[in-house]
């Protein structure tokens with residue numbers, strides 16, 4: 001009764017008092033590793049001439065997206081766990097969701113651009129310089145952010161465009177579309193359909209590019225005569241596909257199912273793509289590569 005109608009209350013990951021301190025320590029460690037890993041990778045690519053290639057150019061933007069959407073979520077979640085102040089203003093809630101949607105959508109398109117880069121490099125090496133030129137790289141990145149910006153505007157308008165009444169208890173640790181829409185007084189069917197359709201277009205479209213690209217890569221790798229070359233290529237593809245599977249699997253679970261099927265398991269799935277995936281990406285995509293190890297040694 002002490003909260004104004006311009007505020008939401010995030011119920012958080014758990015309301016069990018004894019679990020909040022361990023979760024705070026765990027998520028703080030993950031967030032610090034995320035920042036150090038991604039910022040370190042970006043700096044390394046900038047200062048090492050040997051890494052001035054299209055693949056690492058896309059990786060710097062992937063790291064930037066990871067830093068941004070992790071920072072949109074983690075600090076607020078950590079302060080809620082530490083101090084128990086789980087209120088967030090209407091404007092803050094809308095801004096958090098908008099930025100989250102923007103950078104997650106941008107990451108989907110950046111992952112597709114990276115898969116296309118690997119496809120051209122392995123399957124069409126003679127045309128790689130022209131197909132993935134610096135201009136083409138900037139165009140792919142600009143397209144990723146443009147589509148993400150327009151999509152985020154639509155997601156945000158559909159989620160916060162209605163009216164809210166009663167207790168504004170968001171059953172989540174951040175302002176996501178499904179738990180916010182449950183609080184709306186007005187009919188949300190149209191908004192849910194629009195969000196589902198746009199999420200399907202972004203998610204399925206980019207995932208198909210990734211699967212087709214890596215399918216062609218694997219087909220080319222199987223035709224290699226050198227066993228060590230095949231092993232290296234399979235190792236790289238397996239690592240990348242593992243990361244993509246975790247990211248897209250949890251996204252599809254969250255956004256490509258009817259609103260009536262959402263429940264408490266959503267929080268567990270959300271942790272993977274908002275907290276865990278940004279931490280793992282620098283290690284999976286780069287720090288196991290010989291080029292990065294050589295640049296670090298120099």
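Just so you know, glycine gets a Cβ as well, placed from its N, Cα and C.
Marked as transmembrane segment by TrEMBL: 23-48 (among others). Here the transmembrane segment (23-48) has Cβ contacts under 8 Å with residues 13-14, 56-57, 59-60, 63-64, 66-67, 70, 74-75, 77-78, 81-82, 275-276, 278-279, 281-283, 286-287, 292, 295-296, 298 of the same chain, all six or more residues outside its ends.
Per-residue confidence over the domain 'G-protein coupled receptors family 1 profile' (37-285) averages 88 (mean pLDDT, predicted model). Feature annotation from TrEMBL assigns domain 'G-protein coupled receptors family 1 profile' to 37-285.
Sequence-distant contacts of the transmembrane segment (55-77), counting only residues of its own chain at least 6 positions beyond either end whose CB sits under 8 Å from a CB of the stretch, comprise 10, 12-13, 27, 30-31, 34-35, 38-39, 41-42, 45-46, 88, 96, 99-100, 102-104, 106-107, 110-111, 113-114, 117-118, 121, 137, 140-141, 144, 173-174, 274-275, 277-279, 281-282, 285-286, 291. Residues or ranges marked as transmembrane segment by TrEMBL: 55-77 (among others).
Among residues of the same chain six or more beyond the transmembrane segment (97-116), those with a C-beta under 8 A of the stretch's C-beta atoms are 55, 58-59, 61-62, 65-66, 68-69, 72-73, 132, 137, 140-141, 143-145, 147-149, 151-153, 155-156, 159-160, 174-177, 180, 202-203, 205-207, 209-210, 213-214, 240, 244, 247-248, 251, 273-274, 285. Look at TrEMBL and you will find 97-116 (among others) tagged as transmembrane segment.
Under the heading transmembrane segment, TrEMBL lists 136-155 (among others).
A Cβ distance under 8 Å defines the sequence-distant neighbours of the transmembrane segment (193-212), meaning residues of its chain 6+ beyond its ends; these are 105, 108-109, 111-112, 115-116, 147, 151, 154-155, 158-159, 177, 244, 248, 251-252, 255-256. Look at TrEMBL and you will find 193-212 (among others) tagged as transmembrane segment.
Residues or ranges marked as transmembrane segment by TrEMBL: 233-256 (among others).
Marked as transmembrane segment by TrEMBL: 268-287 (among others).
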Positions on the same chain near the transmembrane segment (233-256), where near means CB under 8 A and six or more residues out: 104, 107-108, 111, 114-115, 118, 122, 176-178, 195-196, 199-200, 203, 207, 210, 214, 217-218, 221, 224, 262, 266, 269-270, 272-273, 276-277, 280-281, 284-285, 288-289
